[in-house]
Structures are given as C-alpha cells and as structure tokens.
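The structure appears below as structure tokens.
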Amino acid sequence: MVAPLAHVCAAGGSTVANAVSAALHFFAVAQCMMREPWPEQPKIMNESHFDIIVVGGGSAGSLIASRLAELGDVTVLLVEAGPDPPPESMVPAYKDFMKTGAYNWNFTSTTNSESSKALEGGIQRQPQGRMLGGSGSANDMVYTRGFPHDFHTWADIAGPTWDWDAVLPSFKKTEHLTDPTILNDPVLMAYHSVEGEITVSGSKQTSKDVDTFLNAFNELGFPIVEDMTYPGRFGAGRFLHTIRDGRRDSTATAFISRAGFENRGNLFVLRNSVVTQILIDSNKTAYGVKVTRDEESFIYYADFEVVLSAGVFNTPKLLMLSGIGPRNHLEEMGIDVVHETPVGESLHDQTMVLIYLTADVDLCTLPKAERHIEMIKYLYNQTGALSSSDSMGLYMSTDKNSDVTAPDFAIYPVCIPKNVGFRNACPSILNFQKHICDKLGAINEEKELLSFAVVKLNPVSKGNVKLASNDPKDNPSIYSGTFSDPRDYEGYPEAMRTVYSLVNTTVMKQIGARVVDYDLPDCNGLEVEDDNYFKCIAQNVGMSAWRAGGSVSMGAVLTPRLKMKGMHKLRVADASAMPATVRGNVEAPVIMIAERAVSYINEEVKATPYDISF
C-alpha cells in the first residue's frame with residue numbers, strides 16, 4: 001500500500017528529497033482516487049422494520065437490493081458480512097491477490113478420499129469473496145454464460161421458464177457490451193446488449209502469451225472463436241471481461257457504488273455484519289434475521305420477505321443454522337428442525353487438473369523498470385498492462401458424436417511470470433504438497449511457468465455442504481465430491497494429451513516449451529501419456545475449479561420462482577439455486593438468476609394479496 005509511506009517518510013530539503021516526496025504524494029493521491037464512492041455505513045436501530053431483507057451483498061445480492069430499491073416505495077436492507085472492497089481489488093491485473101486473505105472466506109473442503117492425493121491432507125481450497133460484491137470483487141472477471149444445452153437441462157429440472165430462450169433476456173438486461181468486433185457483427189450482437197449496467201469488454205491490448213497459446217491451439221486444428229459467449233462455439237478464443245475504464249466492474253460497482261441510492265433513502269447497505277439466523281414463525285413464515293456486528297446482536301424484521309444470496313456455501317449453512325435442512329443432520333448438530341428439506345445435498349462443481357509447462361523464452365515477464373512504468377501509468381489514468389485482462393480458453397469435446405452441441409472440457413492457459421514468489425503462493429492458493437510447490441517454485445525462480453487448467457465442464461459427481469457445528473462462527477463442512485463418480489475420468493486422457501501435444505507445435509517449439517513432470521509416486525511406474533498415466537495424474541492433482549453450485553437447488557429445494565418449498569416469504573437467489581452445472585464461469589449465470597429473482601419479487605410486490613403459493 002502506498003498511502004502509509006506518504007505519512008511515514010518526511011520530506012527533506014534537497015531536490016532529490018522533494019522529488020521523492022512529490023512522487024509519494026502522487027501515489028497516495030492516486031490511491032485515494034482509485035477508491036469507489038461506497039455509501040456510508042447506515043446506523044440502524046435494533047428491531048427496525050424493512051419490506052425486504054437481502055442477506056449477502058455479493059454478485060446476486062447487490063443487484064437484487066438495488067433493483068428492488070428502484071421501486072421507490074419499497075425499503076430494502078442489504079446485509080453483507082464483509083467490508084467494502086479495497087482499492088487493489090479494482091485493478092484487473094491484481095485479481096489473484098483477492099483469492100486469499102482478509103477479503104476472502106478462505107473456505108476449504110474436507111478430505112477427499114477419492115481424489116486430490118497430492119494436495120495436503122486431500123483438502124481443496126474453495127475461495128469465495130468476503131466483501132461487497134462477493135466473488136464478483138475477487139474473481140478473474142471472465143464473462144461467460146454457459147451453453148444453451150445447460151439451460152435445457154435446467155428446464156428439465158426446474159421448468160420451461162429456465163430454458164435458454166427464456167433466460168437470454170435476463171443475461172442481456174445487465175450487459176453493456178463495448179467490444180468493437182462483436183458490436184460490428186449483427187449475428188453475434190443478437191446475443192448481446194449495450195443497455196445494461198455492467199460493462200463487458202474485450203481485451204484492449206493483446207499479449208504475447210495469449211497470442212502464442214491461440215496460435216498453438218490453432219495449429220492443433222482448433223478454430224479461432226471471435227465470441228466465447230456465442231451459442232454452440234467450439235475452439236479457442238479470447239474471453240470477454242467485466243472491466244470498465246481500466247477498473248473491475250461488478251454488481252457492487254454497477255448497482256451500489258454508481259447507483260446513487262444514498263439520496264433516495266430506501267436502500268440500506270450494512271457491511272461487516274453477519275446474519276446468524278433466519279427468524280421463522282410457527283407457520284413456517286420468515287419474518288426477519290438475527291445479525292451480529294461488532295460483537296453486538298441485532299434483530300431486523302422483513303415485512304414482505306427475506307432473500308438469501310449468501311453464496312453456495314453460506315446460504316445452506318445459514319438455512320441449516322435456522323433449522324431448515326436434512327432432519328438427521330440438524331438433530332446431530334443439536335438444532336431444532338423447523339423444516340425438513342435436502343439443503344446442502346446436491347452440490348455440483350467442475351473439476352480442474354493443472355498441467356505445467358516451462359519454456360526458454362519469456363512470454364509474460366516484464367523487466368523491473370517496465371513494471372514500474374506500468375504501475376505509474378495505471379495510477380495516473382488507469383491504462384496500460386494493469387488495466388486489462390487478456391485471457392483465453394479452449395472449448396473442446398472428447399465425444400465424437402456428430403450431434404454434440406456443447407463441450408465437455410475447457411483448457412485455460414495462464415502464463416506465470418518468472419520469479420513472482422510461486423513457491424510461497426502455491427500452498428495458500430492450490431494447497432499442493434510441499435514437494436510439488438518446492439519443485440514448481442524452484443522452476444519459477446528461473447523461468448516462467450505456463451499453467452494449463454484442464455477442466456471437466458459437466459461432471460456427474462456430487463458433493464455436499466453440512467454444518468461443522470451449531471456455532472455460526474464456524475465455517476461450513478464442504479465435501480467437494482471430486483471424482484466420487486469414476487465416470488468423471490472419462491475424456492481426461494484426451495484433454496490432457498491435447499496440452500502435452502502443444503509442445504510439438506511450431507510456435508511452442510520456438511520458445512523451447514516442455515512439460516513439467518509432477519514426479520508423483522503413484523504415477524512414476526506408468527507409461528507417460530498412456531490413458532492410465534493421465535488418469536493417475538488427474539486423481540492425484542484434481543481439485544475444484546471453484547465453480548460450485550446447487551447446494552439449495554431448484555427442483556429439490558426451491559420452486560421455479562426461487563422460493564423455499566413448503567415455506568413462506570423466503571427465497572434463495574445465488575449459485576446455490578443452480579439445478580445443474582453451467583459450462584463455464586458462474587458469475588454471469590448468478591447475475592442472471594438475480595435478475596430473475598427481481599422480476600418475480602416485483603410481480604409479487606404488485607400483486608394483492610401477496611402470493612404465498614408454494
């Protein structure tokens with residue numbers, strides 16, 4: 001952080017000292033200018049009443065609360081456990097810094113007996129943003145929606161209102177596209193909008209590493225895709241990102257910071273406040289929440305309804321703490337059962353296997369002086385390398401049937417600059433065993449690492465979310481279920497072999513690329529690049545791709561309108577409501593779910609009397 005230095009370092013009398021002082025002052029002022037105009041923390045009396053209480057100010061909750069406040073005559077309380085996002089979270093190039101630390105829940109899974117053998121204790125990291133904007137303030141800002149086939153599956157489970165044609169308008173409602181290539185293509189623009197609040201942009205400047213990866217995949221026969229959100233796409237292409245004027249854009253920045261509700265008086269955004277219980281009466285009607293803030297307890301009442309948007313892990317945790325969930329588990333935790341329902345029992349996630357390459361020629365490492373120049377450019381006017389995120393991926397199918405309409409694998413390459421402290425970051429982000437982190441870290445001290453995440457987009461394995469105890473301060477118990485169904489190994493050998501084949505392309509030979517051997521005891525006796533070898537690697541290093549959903553899913557627990565089945569005035573709108581996985585990042589689908597929730601609530605607010613059907 002720059003600002004503290006400006007206070008510590010007193011200016012001297014020399015020209016050099018004055019120049020240094022001026023530079024420090026510039027950095028301090030620039031840092032202040034980077035801060036978003038977040039609303040003041042409201043002072044709310046105990047037992048205050050609101051029409052609607054939204055629990056969780058993440059990607060869904062920030063949008064829902066803001067949209068509902070637009071009604072004007074509805075009072076909305078948004079309760080967020082974390083603080084405002086820090087200035088560094090707004091810098092696109094600093095996205096990885098948000099995956100651990102004080103602004104993250106730092107969730108981990110329980111031991112996975114079926115997989116993750118090369119992770120310490122078989123435990124997987126499950127990062128989730130703990131600040132206004134939630135994971136939308138901490139993720140890679142990649143904008144993808146999934147494939148039409150995904151939403152046909154949703155419709156089979158949750159009804160026709162969740163089919164692709166039905167959800168597309170909700171995707172478009174929030175989108176403000178600025179990518180010139182797509183804007184000038186009428187076919188692509190049929191799936192996009194320029195009218196929404198969240199900026200969706202292309203890469204303002206290309207990078208050598210992404211160009212190299214694209215050319216290598218193309219040489220293997222994969223086509224180049226202009227729009228990675230276009231239905232039915234297969235091949236390699238650059239992703240769109242939620243970046244606005246060189247800064248991260250999220251539902252928090254778009255709907256809270258820029259919305260201007262501080263003068264309206266009907267939206268109250270309460271931060272650093274943890275909801276510990278949903279209040280439910282004898283008729284199974286939610287009527288408020290218990291909140292802990294600064295070691296004090298408060299009760300706030302919701303006269304119309306409570307909306308849970310606390311995230312895929314915290315939403316089921318809060319429901320179970322409130323007596324809503326599987327009877328046997330609640331009784332085991334010493335919690336009175338209010339409503340028996342399979343909360344937490346259908347967790348789905350995508351599986352990630354990391355393959356590392358290294359090379360003799362640098363693709364993404366900048367000289368120290370150039371890095372400093374880029375930082376100055378960014379602080380001055382939010383331009384340069386720090387202001388954008390140039391990333392790409394490959395969508396491929398290992399199913400050779402001609403009627404396949406969606407991929408089963410994605411490959412995401414990332415260039416890790418030379419000597420960036422990978423050895424220290426490896427345990428906290430990936431939780432690899434020490435000998436693996438040491439090996440990769442030693443390579444990174446001398447050379448770049450080229451990381452290829454091979455992701456199974458449609459796994460059938462299921463996990464679950466349970467309570468670790470009945471203490472709200474304890475994190476939930478998360479079983480990821482990675483490879484618990486052996487069918488999820490299918491296709492991995494071909495997808496992983498694709499990465500290994502990259503080293504034989506002309507463009508990768510030119511940089512001297514080669515695969516890094518994990519040196520795993522379980523796999524060392526197997527023939528390299530044999531199917532069993534790749535399955536062994538997957539079983540050892542496979543982990544969550546951090547795209548979990550379905551822990552309070554439509555169909556099993558929720559109605560198609562996102563209401564809790566068998567209860568009144570309680571709705572869930574976040575990734576936990578997803579009835580099945582989507583092939584890609586979950587940020588845009590979560591925002592789409594939030595838009596659908598708003599439309600349902602608006603309809604019911606206008607209805608007389610309030611529709612309590614379930």
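A Cβ is built for glycine as well, from the same backbone N, Cα and C atoms used for every other residue.
It should be emphasised that the depicted structure is a prediction, and the values quoted were computed from it without experimental measurement.
Listed in TrEMBL for this protein:
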BINDING   N139, D140, M141, V142, V275  FAD binding site
DOMAIN    50-351  domain 'Glucose-methanol-choline oxidoreductase N-terminal'
DOMAIN    459-594  domain 'Glucose-methanol-choline oxidoreductase C-terminal'
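TrEMBL feature annotations superimposed on the structure.
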{"residue": "N139", "record": "FAD binding site", "contacts (Cβ under 8 Å, 6+ apart)": "K95, M98, G129, N585, E587"}
{"residue": "D140", "record": "FAD binding site", "contacts (Cβ under 8 Å, 6+ apart)": "K95, H241, S389, S391, N585"}
{"residue": "M141", "record": "FAD binding site", "contacts (Cβ under 8 Å, 6+ apart)": "P92, K95, H241, T242, I243, R248, D249, S389"}
{"residue": "V142", "record": "FAD binding site", "contacts (Cβ under 8 Å, 6+ apart)": "F239, L240, H241, S389, S391, G584, N585, E587"}
{"residue": "V275", "record": "FAD binding site", "contacts (Cβ under 8 Å, 6+ apart)": "V55, V79, A81, V289, K290, V291, A310, L318"}
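Sorting the domain 'Glucose-methanol-choline oxidoreductase C-terminal' (459-594) by DSSP state (H, G, I as helix; E, B as strand; all else coil) yields 43 helix, 20 strand, 73 coil. Among the residues the record lists as binding FAD, namely N139, D140, M141, V142, V275, the two farthest apart have Cα atoms separated by 29 Å.
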